[in-house]
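Notes to accompany the following structure.
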Amino acid sequence: MSSASIPTEKTPLSTQYGGHHSGTWVDRLPPSWTPYIQLSRLSPPAGLFLIFLPHLFGALHAAITHNLPLSTLLPVTAYLLLGSLFFSNAAHAWNDLVDAPIDAKIERTKTRPIPRGAVSPRAALVFTLSQALAAGVFLLALPKDAHIAAVATVVGTVYYPYAKRHSHFVQFLLGFCLTWGIVVGSAAMGTVRPWRDGSTGCLVGAVGLWVVGFDTIYAHQDLRDDLRVGVRSMAVLVRGWARGFLVGVWVCMSLLLVGSGWFGGMGVAWYVVGVGGVDLEDPASCWAWFSQGFWVTGAAVAAGLLGEYVFQVGGFKVSLYGV
């Protein structure tokens with residue numbers, strides 16, 4: 001194993017997508033695979049589920065709206081999961097490829113595979129393209145409207161690593177890139193032009209604000225270095241009043257969830273409580289909140305949709321409004 005394959009110094013920050021993996025399962029794989037696992041953000045696998053969960057939300061929402069059977073939902077979900085895996089790999093590798101010069105100047109990210117020399121820029125580009133092609137294979141198995149919807153996600157994802165050089169609102173772009181998967185997931189279930197549906201639109205907006213909230217906290221890990229290097233983000237823009245900004249984001253998220261008609265306020269309590277307990281000056285606290293808040297709320301929203309679907313399949317009519 002080359003000395004570049006594993007960072008020489010392991011710090012708490014370096015395990016937060018900074019070049020060290022957190023899962024021991026990675027150590028059981030061939031050493032040459034390790035940098036690519038790290039490049040793909042598969043340990044921990046939050047990066048994968050960031051992409052898959054919105055697609056799952058869209059598929060479940062469409063199944064509820066159109067009263068579709070489980071025999072339709074399951075194979076589509078499998079395609080979405082596998083497609084999300086490869087697209088996640090491609091998106092994260094592309095982000096690290098473009099960001100490598102900046103990552104080398106940031107304490108947390110300087111030991112990522114490309115800055116430390118474990119993966120060359122050319123190898124990273126080949127890996128990105130191979131994963132994107134694999135994702136495309138699964139996309140082709142879905143209906144035409146899913147292909148159309150996916151174009152916006154691809155364009156936004158390609159531009160995303162450059163956005164932090166141009167605008168502080170990069171978290172909103174990330175929110176769009178990730179949560180547009182709801183539209184793709186809905187189209188995958190056969191919904192025609194789901195981007196024109198009001199309920200789907202509210203769900204996209206709510207989950208998009210969820211992304212803005214947790215990624216703003218995630219960005220606080222690098223706030224001092226970002227200010228020094230000149231990287232832009234919402235964490236930089238709202239420094240000094242970030243807590244109030246985050247509360248506002250989650251209030252709006254709650255309203256959009258209610259507006260979607262299916263969720264009500266599912267999962268919002270965790271954010272309201274959690275944001276009061278995060279120390280935005282402490283990178284370790286930001287990571288703990290990001291990792292815990294992401295999983296708990298993502299699972300809560302998925303459970304809300306799944307519960308609604310189960311009730312519907314079972315012949316129960318459940319209304320949030322008593323009508």
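Cβ from N, Cα, C; glycine included.
Just so you know, TrEMBL annotations are computer predictions that nobody has curated.
According to TrEMBL, the protein has these features:
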- 1-17: compositional bias 'Polar residues' (COMPBIAS)
- 1-20: region 'Disordered' (REGION)
- 46-64: transmembrane segment (TRANSMEM)
- 76-98: transmembrane segment (TRANSMEM)
- 119-140: transmembrane segment (TRANSMEM)
- 146-162: transmembrane segment (TRANSMEM)
- 169-192: transmembrane segment (TRANSMEM)
- 198-219: transmembrane segment (TRANSMEM)
- 240-273: transmembrane segment (TRANSMEM)
- 293-311: transmembrane segment (TRANSMEM)
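When each of the listed stretches 76-98, 146-162, 169-192, 198-219 is scored by C-beta pairs under 8 angstroms to the transmembrane segment (46-64), 169-192 comes out highest.
Comparing 76-98, 146-162, 198-219 for CB pairs under 8 angstroms to the transmembrane segment (169-192), the maximum falls on 198-219. Within the same chain, residues 91, 94-95, 97-99, 139-140, 170, 173-174, 176-177, 180-181, 183-184, 187-188, 194-195 sit at least 6 positions outside the transmembrane segment (146-162) and bring their C-beta atoms closer than 8 Å to a C-beta of that stretch. Residues 39-42, 47-48, 50-52, 55-56, 59, 112-114, 121, 124-125, 127-129, 131-132, 134-135, 138-139, 141-142, 157-158, 160-162, 177, 181, 184-185, 188-189 of the same chain lie 6+ residues outside the transmembrane segment (76-98) yet bring a C-beta within less than 8 angstroms of a C-beta in it.
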